[in-house]
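Asks: Submitted below is the structure of interest, expressed as structure tokens.
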There are 2 protein chains.
Amino acid sequence: MKKKSKYVLGILGATGAVGKETLDILDERKFPLESLRLFASKRSAGEVLSCQGREWKVEELTPETSFAGIDFALISATDAISREYGARLSAAGILVIDDSGVFRMEDDVPLVVPEVNRQALRSMPRRIVSIPNCTTTPLVMALKPLQEAAGIKRVVVTTFQSVSGTGAAAMDELMNQTRNLMAFREAKAEVYPYQIAFNLLPHIGSFNEGGDCSEEIKIMRETRKILEAPALRLTATTVRVPVLRCHSEAINVELERPLKPHDARAALAEMPGVLVYDDPSKKLYPMPLDATGKDDVFVGRIREDESTANGLNLWVVSDNLRKGAALNAVQIAECLTEH
Amino acid sequence: MKKKSKYVLGILGATGAVGKETLDILDERKFPLESLRLFASKRSAGEVLSCQGREWKVEELTPETSFAGIDFALISATDAISREYGARLSAAGILVIDDSGVFRMEDDVPLVVPEVNRQALRSMPRRIVSIPNCTTTPLVMALKPLQEAAGIKRVVVTTFQSVSGTGAAAMDELMNQTRNLMAFREAKAEVYPYQIAFNLLPHIGSFNEGGDCSEEIKIMRETRKILEAPALRLTATTVRVPVLRCHSEAINVELERPLKPHDARAALAEMPGVLVYDDPSKKLYPMPLDATGKDDVFVGRIREDESTANGLNLWVVSDNLRKGAALNAVQIAECLTEH
């Protein structure tokens, strides 16, 4: 892309949970904005959102919408929107940063977490770059320094995923169910198949024949692609929890070579975007409540796993709307403006 | 113990979450009760509780309390109560079934889940039997049939533990915090170090120098003792979740020999006290909401873990107040009446 001093940015899905977070992040990071084009479905068209001290009206996204003049488009809507508009935008010469699962595993689409594999942005033949699933991003942020320090043999990850990963409607559902239950009324489930308030759903996405969730498959495949470790041995169990924001992960790692918790802590502390938050004796460990609204991936409870050679346990918490989605997308846009 | 047609049962901690569940279970199972003696602290003394169609007054537990005539005592109070009264009761010739961590790991005290190691009750030199931690019990219920079918090499377990594991005060705390947050008021934390409503605490018990929680250590040690596998390789991460009842566990197992999910399912289905609840295509998987008030340990999401030889993933949910505590204690009492 031609280097400019300011850019025209389009956001598809501007009124969703990730879209709104994106506007905050463009503000905070003073992204060099010439102007913004905000797109959403008919229902939200006409809303006015503010960013960088100016107000921007949300336009309805239709097959007739013209994207002329846009430099970057960030898409965070549905798979169908990404499929339809991703190709159209890229054909119009616009750089697309896509948050869906549609393009992530395609060979000619880089899948990028800038701190981990920024170099993958060098080849964007389709002018599309994907950002990973919101559980993959914190996982690779924590694994990368361990991979470099001692090699990774096998990973067992169990996730505790907040409802905002599903979107704003799921956040409303958790709140409404909670309000109704506290008033001894029925808790209706519409977004999820069952009540999520005061409950756990070991089910994210759809199930394949082997009984894996699509979310579990995504974590496996995306992690291998980002870490450039196609044979990495990894298994995942993904669980929805009654938390509003932040995804948490219990990560068990078998390393190729010995790495003491102290040295793992040092390697993680050097990783940009990672905050080592690990002093159990002072009751300091990552929690969703603390990580909400924060950019860093919080890593704690770093300890030896004596059940295997070179085993480590970690507990990782990250704001799924920020580093898991909007922040990672804006960081990629920043990288591309510097190319 | 001399076989009788009816027994006198004492319950220490009768007004707590586990104590109240115990009364329900004695009712449901028609335990052969001659009479009940209910004990609690001064605060609860005088309360009247019903069981088997009769009413029983709660007595204050003091160093002067006489236990004459009691056949069994179930203790579910604090470690201090177990330490003080466990020894006194047993010295008085009473069979003690204890729910604390005080005696579990002592060589001359059996640690029993009847479906798994009922045979351990044959030797009770101190007249004390311990019941396991409420996370250990469902874990060994799920592991035992796999151990018999294919041998166990290594286990990685991550727990999602409800607040009732801490007791009735913690259930009140979750409800009060939730009520306050929904009304935009502050959520005070008193039982836990931080807010538990809409949050996760990767911290159960106290931390040792290596950064493990006491709960994690308990799971490791107790599982080895119950499965009679002193060298079993096991690592645990224990997390408190904003759920009222039932503990859930993501269990990753490496077996010694191959065992297909289909065969694991069959082995688990034959285990008394286990309910295989596993049909993802119909959205059937264990959840705390479904397992609440149930006796069975629900096992689902049984699937192959391709990241290792003979790997399996399971998702287990069990009511921590029932099989995790009160039910297991009453089952042990039943076994002892049959000896």
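Note: Cβ is positioned from N, Cα and C throughout, glycine not excepted.
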Asks: If I go by TrEMBL, which of A:ASN320, A:ASN328 binds NADP(+) at the same site as A:THR15, A:GLY16, A:ALA17, A:VAL18, A:ARG43, A:SER44, A:SER164, A:GLY165?
Replies: A:ASN320
Asks: Among A:THR15, A:ARG104, A:ASN320, these being the binding-site residues, pick the one whose CA is nearest to that of A:CYS134 (active site, acyl-thioester intermediate).
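Replies: Of the binding-site residues A:THR15, A:ARG104, A:ASN320, A:ASN320 has its Cα closest to that of A:CYS134 (active site, acyl-thioester intermediate).
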Asks: What residues, ordered by sequence, lie under 8 A Cβ-to-Cβ from A:THR15 (NADP(+) binding site) and sit at least six positions away in the same chain?
Replies: A:LEU38, A:ALA40, A:SER44, A:GLU47, A:LEU49, A:VAL58
Asks: When you rank A:ALA17, A:ARG43, A:ARG104, A:GLN161, A:SER164 by Cα distance to A:HIS247 (active site, proton acceptor), which of the binding-site residues ends up on top as the closest?
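Replies: If we rank A:ALA17, A:ARG43, A:ARG104, A:GLN161, A:SER164 by Cα distance to A:HIS247 (active site, proton acceptor), first place goes to A:GLN161.
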Asks: Measuring Cα to Cα, how many Å separate A:ARG43 (NADP(+) binding site) from A:ARG240 (substrate binding site)?
Replies: 28
Asks: If I take the Cα of A:ALA17 (NADP(+) binding site) as reference, which of the binding-site residues A:ARG104, A:GLN161, A:ARG240 has the closest Cα?
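Replies: Checked the binding-site residues A:ARG104, A:GLN161, A:ARG240; minimum Cα distance to A:ALA17 (NADP(+) binding site) goes to A:GLN161.
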Asks: Looking only at A:ARG43, A:ARG104, A:ARG240, A:HIS247, which of these recorded positions has the biggest number of Cβ atoms within 10 Å around its Cβ?
Replies: A:HIS247
Asks: Looking at the binding-site residues listed here (A:ARG104, A:GLN161, A:ARG240), whose Cα lies nearest to that of A:ASN320 (NADP(+) binding site)?
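Replies: Comparing Cα positions, the closest of these binding-site residues turns out to be A:GLN161.
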Asks: Can you tell me the CA-to-CA distance separating A:ARG104 (phosphate binding site) and A:SER164 (NADP(+) binding site), as a whole number of Å?
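Replies: The Cα atom of A:ARG104 (phosphate binding site) is 21 Å away from the Cα atom of A:SER164 (NADP(+) binding site).
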